[in-house]
């Protein structure tokens, strides 16, 4: 205690000590506060990369082998990396300027500093890194677009024209980042990086356009990105019609030859064949000594024969080395590259961006990219009018808010509008380019060797050209080179002309005289399996019912009504279910546009004719039989029916005449198709509107059957045949409405709807009429067995043990031979409408059995007179119907 008193002897020392403790506490609290992590606001978006100090992390390179999931995860995590690095750098903080500069620089996302990068292994096994300067060409603007394409110059030129024409009427310009893709396998990597760049490094970005083939390749990745990515329409839509037209118009003095089409993908092949179809041009492939090769793409195929003629169609920019590899006298069909010069663009003065000076563009690439861009700019201008203020004639960017919200609507293809070529050239101020937008045909001449230099020179002679805008075809050196007039040569398209192309639906236009390459097979569609299953099950059920009826008839059973009609209806259903076979078969080649011989055409027409003939006849058989039965029921019914009676002969005449009418029309159609096969095509009838004319008579029979529904639905005759026919007719009418509606959606739908509709109609008759009727027949046979097993009403034994005390007869409405009814009931019910039980037939064994039974009952007490039945006193009047005739004389309808 004395020591402490010595320490605080002086007040000055105490004050200094307290001050020292206070300063230490402040420093300690400051250090703790600095070390505690705090949540910082996310970095703001910037429009352009900002310069930072050199103390940055190493440049990350994106490997080609990295997975898509890792790159997509990078998009999620990249926005938080800047914040985390900023916090960690400030924890090591100090008061010097260099540390604060590093912290500020970390707010900029790294991709905004480094740009896009690719790291991949080349053909020599070396690791190659390509930076943004090699990949991306940029036109600066306030609102940015990106394009991933194999032809970036054409995309840059279109955006330059948009800014020069000021389509958006604003005080700012649209910028573009054009990314060159020379390898499709690298497109996925570039797309993911570009989405990340636009999200983090630009303030206003509309989306990304990508080549059509690349879009199809990356469609699943694009859906996962959930970003505005749109396909550029394929340039082949502009090129292939020009190729087909020039081939069709080309003079061709040779005989018909085999044509082999070499393409990189099946889609290219099908698109070109569709274009050739529009020109009525048949390109045939068969075994031949002379071959014509049409080569699509920029890769050379080396299997050409020496006597073959080669037509090369480059789908990208044509390289000189590709032309050198082609055989001499080959024909090259390609579009003309346009050198960009300001004076050649538009009468009004315009300028070009620096990146476009000295470059060339392709007409097809300009047109396919300009159409969606012009439509997008029109939507953007409409959005600016709603969300921006206008100063004189321009919309001010500073006053805009949410002006890019329209993109969600524009990305829907239904809202877009197409523009024709002349309109695009006028809007984008490049009207003078119309004379230079040509698709040309050249012929490679024999290479000559320069005597002085010793170098070989290749000469391309222009044969013809077609303008993209006017579609005018011009011929050049053909007359002089071939020493003959152009008009004296037969055109290529006339030599390879299509046959049997009458009508709007030309399904098989490519015909030739050669060996067939087509074969028979069952269709691979899902509906075929469904239809075959329904047809087999329906056939089994129909045969089972038919066998049952035939067996019961052979046993001597007597049915209500004539069973001949039921048997004919069952035979018609067998035809209905078997008719699915020609609809399930097809005669095809290996490809969609397989070449067809003239014999193949006759086979296809025969198959089509069989389908039409069977379809119309089986419907007619079923509807005619049902109609004649409905007419009979309506003619004898007491509840609103006709008063006359239609007997079996008239029914047969009605049915036969109804069938003969349809047979006559169907046979006439087959004769006409055979005699006029060049002008009448069964395919065009089957897939055209004439089909409804062929089915009009069947539909008339169905409508007549439905019109008799009010007159027959109460009929109880023939196992309640009236209500069963009503159910079947209504089901068939519903089925017809469904399959006719489905067949309107196209040829593929019609292929499935017609046979499935036939099977459904057969099942409607089976389920609605025949199966319930079979059940009633079985139940009636069992009741008949029970009734005939009882003792006879005339036997003495039965008479001795029974007294008639009931007011109503026990056997009333059981058999006409033993029916008692009141006079009042007779006035309200027609005898023809009273339901009866079928009588068992007179088979030998059954007749002997019941005869013995009656004889035994009669011999029990033969000397005792039969008692007289006592009538009930409460019954005022009782009447008996005359005895029923013998079962062998019963009249049925």
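Each Cβ is built from the backbone N, Cα and C atoms, and glycine gets one as well.
Among the residue ranges 489-509, 510-530, 531-551, 783-803, the one that Swiss-Prot annotates as transmembrane segment is 531-551. Of all ranges given (437-457, 458-478, 563-583), Swiss-Prot attaches the label transmembrane segment to 563-583. Cross-referencing 653-673, 821-841, 842-862 with Swiss-Prot places the feature transmembrane segment at 653-673. The transmembrane segment (653-673) shares the most Cβ pairs under 8 Å with 607-627, out of the stretches 563-583, 607-627, 692-712, 722-742, 752-772. Mean per-residue pLDDT, taken over the topological domain 'Cytoplasmic' (773-893), amounts to 51. Each residue contributes its Cα atom, and for residue 471 (N-linked glycosylation site) and residue 328 (N-linked glycosylation site) those atoms are 29 Å apart. Residue 328 (N-linked glycosylation site) sits 30 Å from residue 183 (N-linked glycosylation site), taking the Cα positions as reference. Residue density at residue 183 (N-linked glycosylation site): 11 other Cβ atoms are found within 10 A of its Cβ, drawing on all protein chains shown. If you count C-beta pairs under 8 angstroms between the transmembrane segment (722-742) and each of 563-583, 607-627, 692-712, 752-772, the highest count goes to 752-772.
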